[in-house]
Amino acid sequence: MGIKGLIGFLSDAAPGCISEVTLESLSGTSIAIDASTALYQFTIAIREGSYLSSLTNSKGESTSHIAGLLNRCIRLLELGIRPVFVFDSTPPEAKSQTLAKRKLLREEAESSLEKAIEEDDKEAIRKYVGRTVRITQKENESAKKLLRLVGVPVIEAAEEAEAQCAYLCQRGFVTAVGSEDADALVFRCGVLLKNLTASNKPVVRVDLAKALELLELTHEQFTDFCILCGCDYCGTLKGVGPKTAYNLIKKHGSISRILEVRSETLEGYEAAQEYFRDPKVRDITTIDRCEANIDGLREFLISENDFSEERVDKLIERLQKARSKKTQLSLKSFFGYPPRAANITRNYTVPIKGVSPPAVVESAVDSTSDDGKDEVPSDDKVPSVNEVPTVDKVPSVNEVPTVEEAPPADAVPTVEDTSEPPSEEPDAKKRNKRVPIEVDDSLVPDNLKRFICVQHYDPRVTIKRTGASELGSDSVDSLVSHICGVYGIQSGTPDNDLSVVGEGILWPNPILQRFRSVTKDLPNSRLHELWRCSSSHGISWDALDKLYINFREARDSSVEEWDKYAPEIVDFASKVARDKITQWLDGSTSCPPRLLRRWTHLLYSRWRERYLHVYGPRMLSRYLKGEVTDRVLVREINECLPAGVECSELPLDTEPSEHNPHFVRRVPKSGS
């Protein structure tokens, strides 16, 4: 069951944490898949298609799960997705009552199904057939055998597969969990993917950190909320659904306090809290990936399970192609359109009233104009009190915000409070005073300066300005002239009308275009042929993979370091906010708590976004464009040089931007 109605509630109350994604966009990722829900999906899909019968072999054993699992595994491998299947083991004691209830419900469904068959009631048959499906231990074992023959890792959980999947996600073995049970979120998996193994439904991505931020709940409160919604490890309160559960948690903070106020009892909730907090999992140090056993797979499918040879040959051909080709990181998945908001059908029909979940606080630095100049959008909309967490609720930073280059440090936007002030405010006119959110560097603790002060940033990656809107014509001319002068390349008159073949993230590219323009008259047919046949020659997929991995590692280490110091940053933000409010109220000694929370959250959010904005998806494209441009230039320079002369690197240095050291511009290298 998972958590009853959770996904439907999140789609209404925190839609920003849910999106629809394509399988193609997951290329290059490793995903832990809850095997039990996947096998159930495969079996029920086939049984629903035929109303009653499953696929079976000559011994009468079901093979529906084998057919579905094999096809889906091959599809995932073809897309460059690395699945890890996790199987349930002995269920925890806290789940015994739930399992007993499920057994009774299944027996009732079997009786109802028999009656529906006798009456030839197709709608009733369709309704009850899914409720009678059960994955046996023998089917589990055959699924494990199949996966090992295919070469897909199999992990047997200590108890619950969802908990083991979440453990793998926390330890960095996988990037997401594929399951239909939402309790993987309660077990602290960062990203949940629903419908991953369904063939006719879009994949739904749920971000835990964003959900907690939008709901304004700590993870402990989120756990209590999910227990009240209904979970597998204890009962729930009568008449309490997701809407009521959320309002109760927001009002009282915990189940124990709710029970105290309502004078009710909830048997087993403490055991459920403990199990969600510290589930029994198998300690994993490595995940071994092996080659597919083609001969063994053929024997298993044809001899043991009576698959047709023709069908098996086609499946094995697809598998070998998927396993033999190198997993390439899809540029489309890097720089494609953002995920669509998910259209989730709620599991309950009562509309949610009185729930005002917070919206995402807009970034102070979220875009650049078309001409490449930094824009500072107006920020006169301060989030409402419901949108601001208290100081002790530190927002998690598991998802890097997608924002553009920060504006100059001396051009930080100001904020105007437009909400109704507290009654203790002495003069209503003071609401209109604008106070800058920037803080003097000298007031920032030394250990926090590298997070808050732009000039103290320690870049792990730098982005070279390469776009047409980022470079002036004089700068481009100077760079190309310097390159040609260093290597003695006879440059001709630039042809501004030269048509350069190119597409993708590398273009438009004024540096490459200018270099090709001045070398177009050289008697070098090979160079001209390169221009015609390739827009990004000189860089292999291996090199591109390394660049991407370098960017990801830099992002992950930056996020990890921010999270480590987040409590101290919040404390400092609170101190700065208090000082700003005092200034705003002309020295008043009172500090309205609502404004303190609002300003603390605002400062923290802006500092975080400015520190991490360099790792957004659009920044990745700019990073790759700069690095690939250098490699392509080196290749083309070498084509212009005589035998025995080689260019290994460009005769250029970089200088950091005066506004942000993460961004650099190329300059001629002195002495070259």
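Cβ atoms here come from the backbone N, Cα and C positions, even for glycine.
Each residue in the region 'N-domain' (1-106) has a pLDDT score, and their mean in this model is 81. For 1-106, the entry in Swiss-Prot reads region 'N-domain'.
All protein chains included, Asp34 (Mg(2+) 1 binding site) registers 27 other Cβ atoms within 10 Å of its own Cβ. Look at Swiss-Prot and you will find Asp34, Asp88, Glu160, Glu162 tagged as Mg(2+) 1 binding site.
Positions annotated as DNA binding site by Swiss-Prot, on the basis of sequence analysis: Arg47, Arg72, Glu160, Gly230, Asp232. A 10 Å cutoff on Cβ-Cβ distances gives Asp232 (DNA binding site) a total of 23 other Cβ atoms nearby, all chains included.
Positions annotated as region 'I-domain' by Swiss-Prot: 124-252.
Look at Swiss-Prot and you will find Asp181, Asp183, Asp232 tagged as Mg(2+) 2 binding site, backed by sequence analysis.
Summarising the annotation, Swiss-Prot assigns region 'Interaction with PCNA' to 327-335 and lists sequence analysis as the type of evidence.
The region 'Disordered' annotation in Swiss-Prot covers 361-436.
The compositional bias 'Basic and acidic residues' annotation in Swiss-Prot covers 370-382.
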Rounded Cα-Cα span from Asp183 (Mg(2+) 2 binding site) to Glu160 (Mg(2+) 1 binding site), Å: 10
For the binding-site residues Glu162, Asp183, the one whose C-beta sees the most other C-beta atoms within 10 angstroms: Glu162
Integer Å distance between the CA atoms belonging to Gly230 (DNA binding site) and Asp183 (Mg(2+) 2 binding site): 10
When distances run from the Cα of Asp34 (Mg(2+) 1 binding site) to each of the binding-site residues Arg72, Asp181, Gly230, Asp232, the nearest one: Asp181
Lowest local Cβ density (other Cβ within 10 Å) among binding-site residues: Asp88, Glu160, Asp181: Asp88
Rounded inter-Cα distance in Å - Glu162 (Mg(2+) 1 binding site), Asp181 (Mg(2+) 2 binding site): 8
Output field, Mg(2+) 1 shell: CB within 8 Å of site CB centroid, site Asp34, Asp88, Glu160, Glu162 dropped: Ser36, Thr37, Val86, Ala157, Ala161, Ala163, Gln164, Cys165, Ser179, Asp181, Ala184
Summary of DSSP states over the region 'I-domain' (124-252), given as helix, strand and coil counts: 67 helix, 15 strand, 47 coil
